[in-house]
Amino acid sequence: MQILLANPRGFCAGVDRAISIVERALEIYGAPIYVRHEVVHNRYVVDSLRERGAVFIEEITEVPDGSILIFSAHGVSQAVRAEAKARDLTMLFDATCPLVTKVHMEVARASRRGTEAILIGHAGHPEVEGTMGQYSNPKGGMYLVESPDDVWKLQVKDESNLCFMTQTTLSVDDTSDVIDALRKRFPSIIGPRKDDICYATTNRQEAVRNLAGDADVVLVVGSKNSSNSNRLAELAQRVGKPAYLIDSAADIQEAWLKDAHNIGVTAGASAPDVLVQDVISRLKALGGVNVQEVSGREENIVFEVPKELRVDIKQVD
């Protein structure tokens with residue numbers, strides 16, 4: 001049984017930055033450090049940070065006065081940001097992915113101009129809630145669509161003054177279908193200058209598509225609440241291969257591997273490599289004899305942490 005590893009896989013620059021912000025805050029200021037929402041959607045990462053003193057909350061009211069608060073990588077609405085700034089907090093750090101912030105700026109610009117904005121995204125996802133919450137102009141409008149059907153049912157105030165943007169972790173193929181529907185339904189609609197689906201999402205989906213061609217089964221390391229991890233499993237299934245989303249090696253069922261000669265392995269953008277290595281070890285124990293890295297796009301993007309956290313940890317008492 002051969003093990004095929006997708007490239008790229010695992011952590012993206014935004015996730016790396018968000019985790020580093022929490023880790024450095026803990027090292028510099030000490031526990032507890034409060035984080036609004038899971039900093040990234042991965043159970044292993046969240047549990048590890050919680051053990052070190054991170055406290056994950058959903059409401060700003062849960063944060064005691066004088067505390068340090070961090071916004072998660074998914075971003076927050078203007079209302080949440082204002083609520084946090086009104087509190088008596090020692091420090092407030094923003095771990096929002098810069099590529100999510102880019103979409104926030106697009107929405108805020110539309111709001112200032114009174115242009116109605118349509119967001120393609122999944123209802124209830126924290127990134128979507130934060131992005132929708134950048135729009136405040138009552139003369140315009142902000143709408144959420146998930147499918148072409150939603151587009152055809154949508155009613156807006158002025159079809160000649162519309163723009164759209166997307167959640168950063170969507171399926172490239174599904175989003176293309178929704179954008180096609182938007183352009184047919186609203187011919188004058190204006191899209192972003194550069195695709196809102198982030199480089200990491202696109203690259204990992206492309207890697208899974210390449211991997212699935214040679215794999216009999218695909219294992220995606222990622223948590224159930226991770227949007228980009230779910231999209232990877234769906235993509236492998238769409239090209240006709242059995243695919244399973246797993247939090248860890250312990251989730252692997254031997255029955256999945258029956259009669260399989262090539263096992264494809266990838267990881268969502270919020271899944272650490274240690275989990276992938278555990279999966280490889282588990283597969284070797286089940287008969288895997290060779291590990292092959294499948295070539296893919298190289299990634300060298302790095303996002304810096306806030307300047308207050310750019311200190312030599314060794315110098316911290």
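Note that Cβ sites are derived from N, Cα and C of the backbone, with glycine treated the same way.
Taken from Swiss-Prot, the feature [4Fe-4S] cluster binding site covers Cys12, Cys97, Cys198, and the record attributes it to sequence analysis. A simple way to gauge crowding: the CB of Cys12 ([4Fe-4S] cluster binding site) has 28 other CB atoms within 10 angstroms, across all the protein chains here.
The (2E)-4-hydroxy-3-methylbut-2-enyl diphosphate binding site feature in Swiss-Prot is assigned to His41, His74, His125, Thr168, Ser226, Ser227, Asn228, Ser270. Annotation for Asn228 ((2E)-4-hydroxy-3-methylbut-2-enyl diphosphate binding site): spatial neighbours Thr169, Ala200, Thr201, Arg204, Gly222, Gly268, Ala269, Ser270, criterion Cβ-Cβ under 8 Å with sequence separation of six or more.
The isopentenyl diphosphate binding site annotation in Swiss-Prot covers His41, His74, His125, Ser226, Ser227, Asn228, Ser270 and is backed by sequence analysis. The Cβ of His125 ((2E)-4-hydroxy-3-methylbut-2-enyl diphosphate binding site) has 17 other Cβ atoms within 10 Å, all protein chains considered.
Annotation source Swiss-Prot lists dimethylallyl diphosphate binding site at His41, His74, His125, Ser226, Ser227, Asn228, Ser270. Taking a C-beta cut-off of under 8 Å and a sequence gap of six or more, His74 ((2E)-4-hydroxy-3-methylbut-2-enyl diphosphate binding site) has these contacts in its own chain: His37, Thr96, Cys97, Val100, His125, Pro126, Glu127, Gly130. DSSP classifies His74 ((2E)-4-hydroxy-3-methylbut-2-enyl diphosphate binding site) as coil under the three-state reduction.
Per Swiss-Prot, the feature active site, proton donor maps to Glu127. DSSP classifies Glu127 (active site, proton donor) as helix under the three-state reduction.
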Taking the residues the record says bind (2E)-4-hydroxy-3-methylbut-2-enyl diphosphate (His41, His74, His125, Thr168, Ser226, Ser227, Asn228, Ser270), how far apart in Å are the two Cα atoms that sit farthest from each other? 15
Other C-beta atoms within 10 angstroms of the C-beta of Ser226 ((2E)-4-hydroxy-3-methylbut-2-enyl diphosphate binding site) total 25
Candidates His41, Thr168, Ser227 (binding-site residues) with Cα within 10 Å of Cys198 ([4Fe-4S] cluster binding site): Thr168
Same-chain residues at least 6 apart in sequence with Cβ under 8 Å of the Cβ of His41 ((2E)-4-hydroxy-3-methylbut-2-enyl diphosphate binding site), in sequence order, are Ser223, Asn225, Ser226, Ser227, Ser229, Ser270
Measure from the CA atom of Cys12 ([4Fe-4S] cluster binding site) to the CA atom of Thr168 ((2E)-4-hydroxy-3-methylbut-2-enyl diphosphate binding site) and give the result in Å, rounded to a whole number. 12
